Every structure is written in C-alpha cells, then in structure tokens.
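Before any comments, here is the structure.
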Amino acid sequence: MAAPEPLSPAGGAGEEAPEEDEDEAEAEDPERPNAGAGGGRSGGGGSSVSGGGGGGGAGAGGCGGPGGALTRRAVTLRVLLKDALLEPGAGVLSIYYLGKKFLGDLQPDGRIMWQETGQTFNSPSAWATHCKKLVNPAKKSGCGWASVKYKGQKLDKYKATWLRLHQLHTPATAADESPASEGEEEELLMEEEEEDVLAGVSAEDKSRRPLGKSPSEPAHPEATTPGKRVDSKIRVPVRYCMLGSRDLARNPHTLVEVTSFAAINKFQPFNVAVSSNVLFLLDFHSHLTRSEVVGYLGGRWDVNSQMLTVLRAFPCRSRLGDAETAAAIEEEIYQSLFLRGLSLVGWYHSHPHSPALPSLQDIDAQMDYQLRLQGSSNGFQPCLALLCSPYYSGNPGPESKISPFWVMPPPEMLLVEFYKGSPDLVRLQEPWSQEHTYLDKLKISLASRTPKDQSLCHVLEQVCGVLKQGS
C-alpha cells in the first residue's frame, strides 16, 4: 500500500457553485429606446479556508432602436410575459434549494409573490437570493434565472428561447453573445443534483453517476486537436485568501493552492492509504489523452481506526459529451463495486497541462460530493479526490504529479451562523415563561451538561459570546 501526502483542505464554494447576481430593474423593457441593465457586481464569498463564492453579473449595454445591441440582461419576466412565452399564475414558480422548496405566484406585471409570506419581488434573482439566504445565511446571490423554475422548467430556457427568436433582428455582435448566463453552468449542475436528493435518490444510486463531470458537459479548454503539441496557456494558481469575491471575470477553472492541516493548526480528520495499483492506473489513464479524464475510487472506510483505504480505480471510458455510453459505463462500474464488496470513496480526474491543484469548479464539486456521500445520517463518511498532472511543464521531471485534496467545510456551517436570519430562529431575549427568557432557559439546561474539566461560568461565557456574535 502506498500512502499519499497528507490531505489538504482547499478553498471551495461549500454547497453553492459560482453563480450570477443579477440586479434587474423592474421597468426594463428591450422594446423601449435606451433601456438597459446595470453593470456587474461581485457575488458572494466564502470562508478563508474553503468558502467560495459566486460570480457577479456582467455589464449590459442598452438595447433601444433597430441598431441597438440585444443582451440577455435586457430580458425580464415582464418581457417574457408580454411576448407570451410565460403566463401569469398561482404557484407556477418554484425554487428547490438544499432540500427546501419555495413556491411563488407570477403576477401579470412580472413581479413574483412568495406564497408563504405574501412578499413580492421584482426579479427572479431577488426572490432566489432571499429564499437561499433563509437556508444558508452566507449566501450572497441567488442566480435567479438558473434557480427559479416556471412550471418545472428553468427560467434560463425561456430567456434563451426569447433571445433566439430576436437574434434575427440584431447585429452580428449581439447574435454572438451566449444566451446562457455566464458563470451559471456550475449552479445548474448543483441544482440538478439537489433535485435528485428531493426525488429520493440515495447515495448508492447516485454513485452510478460519474463523480467527475456531467456527461453532457463540453470538453475542457485544455483539450486540443490530435497530433498537435500542446502549448497551453499557463494557469497560475492563486491562494484562496487572494480570491476575494467571485465575479464573472473569475474563471471557474482558476486553480487554487491547497493548504496543509498543520498550517491551519488542525488535525487531519482521517488517515488515507492508497494502493499502488490505483496510482498506476490513474497515471496511465491520464497519459492517454490531452483532455481531462475522470474515474471512480473504490475502497473501504474503517470507522474505528478512521482509516480510508483506496483499493481500486474505475476509469470512466467515455467522452464527456457521450451521455449514452456514459450511462452504460456507470452501470458497469457500479456493478464492479458491488461485486467486489467495495464502497464508493472518491473520484479522480486529471489536469493534463496544468498543476495538480484543484480549480474553483473542482472544489465546488468536491464539497458537494463530500456532503452527498455523507448522506442524511450524522455519521462521517469521507470522500477523497485525486488529481493527476501528466504533462505539466512545471513538473520536476517526466514523472506525473498526483495530489489528493479534501475540502474543509466552510465556517457558515457553524450552528449559530447556519440559523442566523432564519424565520424559525429562536429569539433568545424573548420570554420563554413568566420567570425566564429563552436565554435563561438555555443556561439552566446547559448547566447540568457542562464538561467536568471546565468551569460553568467559563463555558456559559463562551456560549453567550457566540450567541452575541450571531445576533
């Protein structure tokens, strides 16, 4: 057995992938002269270790008369209603986010009324941001057009349809603009996975799907024409703390430096042993193509010794765009895992011509996979990611660089931060009874459970300090 380097946490987006923060004015109308959307803003950030944010919106030009440039940011719900692509109705809009469902009414003027509270919102992004912040207070933007569904279909599709219908009347520069919102691809993937959870798909069933990339995802930018030597642009890794907020200028393929557990004064949460056969097959697979490769890792998790043993690699022998072949390969791998008595313990992929460091997109995916493998139980189930860089010019020699990484859960998962701003948050200063507030009750209840080696006053001071910071 060959043990890899100690695992390193990497910056990531937690539960959310990069997304767009759209700020649409209620009065926008592409048929009005000189109407246009505002410029971009940065999206949400995350923790200094692993948080990761969303992207900001793109600037948009005006779209007035016949010579005006048509842009996707000029499309609003009111425009889609006016052109009969949408119809107003009760409960026709929905958001699924981290196991929560929100329903909204589409009003004739293009506004959204949230059924639960009766609040109205001027745009999908405003509603999505509000709802997502209730579930995850650290959320900075809502990616409304990718998050909100109209009668089961994402609003992005209706926006794209509207743009296609109007491209015949626009200049070539406008026709070249992508109808899909930039930076939303990861958000779309994440929301599809959330829907699988809502539909009752178990972690075991989900293991049949590739952990690396969606089969329909286009080839990685590193893919090149066969027979040509690669002179790809060097992707310079950045430290997570230097990222700041993630806007549209931040490429999801931006590489992020990993940090050792020792550097952040934390113990490695589990030990890892990897079979040399796994490293051999991963290295071999990565050398065969100039494009990224993806595969599964099978092994066992020993709860008592906190040891994750990776015993076999299962390459996905399909192209990223070949969904039909991918489904058959996934089923074959699933059966192989089952027959060998192995569990799905992780995934691997390659960066052919870049350092063996995770990208923002990789980090987003890894965090989601960690949560998915853990499932609904409280038991800890690790998920390991391996990265191979076979042709990176910065490698010390001909030998490929193989690196493991694991994403440290972001601090917004702390309990106080998690519930902060939620509608069902207990207001500790309010009276619980005639004699006590909710805070008094909490102190009395915790007093009987204070650790023996710590003083009661010290523990309660710490608890109260945390509560004050979260209020």
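Using the three backbone atoms N, Cα and C, a Cβ is placed for every residue, glycine included.
Database features (Swiss-Prot):
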BINDING   H349, H351, D362  Zn(2+) binding site
COMPBIAS  16-29  compositional bias 'Acidic residues'
COMPBIAS  182-197  compositional bias 'Acidic residues'
DOMAIN    71-166  domain 'RAMA'
DOMAIN    272-407  domain 'MPN'
MOD_RES   S8  phosphoserine
MOD_RES   S178  phosphoserine
MOD_RES   S181  phosphoserine
REGION    1-63  region 'Disordered'
REGION    170-229  region 'Disordered'
MOTIF     349-362  motif 'JAMM motif'
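A strand conformation is recorded for H349 (Zn(2+) binding site) in the three-state DSSP classification. Each residue in the domain 'MPN' (272-407) gets a DSSP state, and the totals come to 44 helix, 42 strand, 50 coil. Per-residue confidence over the domain 'RAMA' (71-166) averages 83 (mean pLDDT, predicted model).
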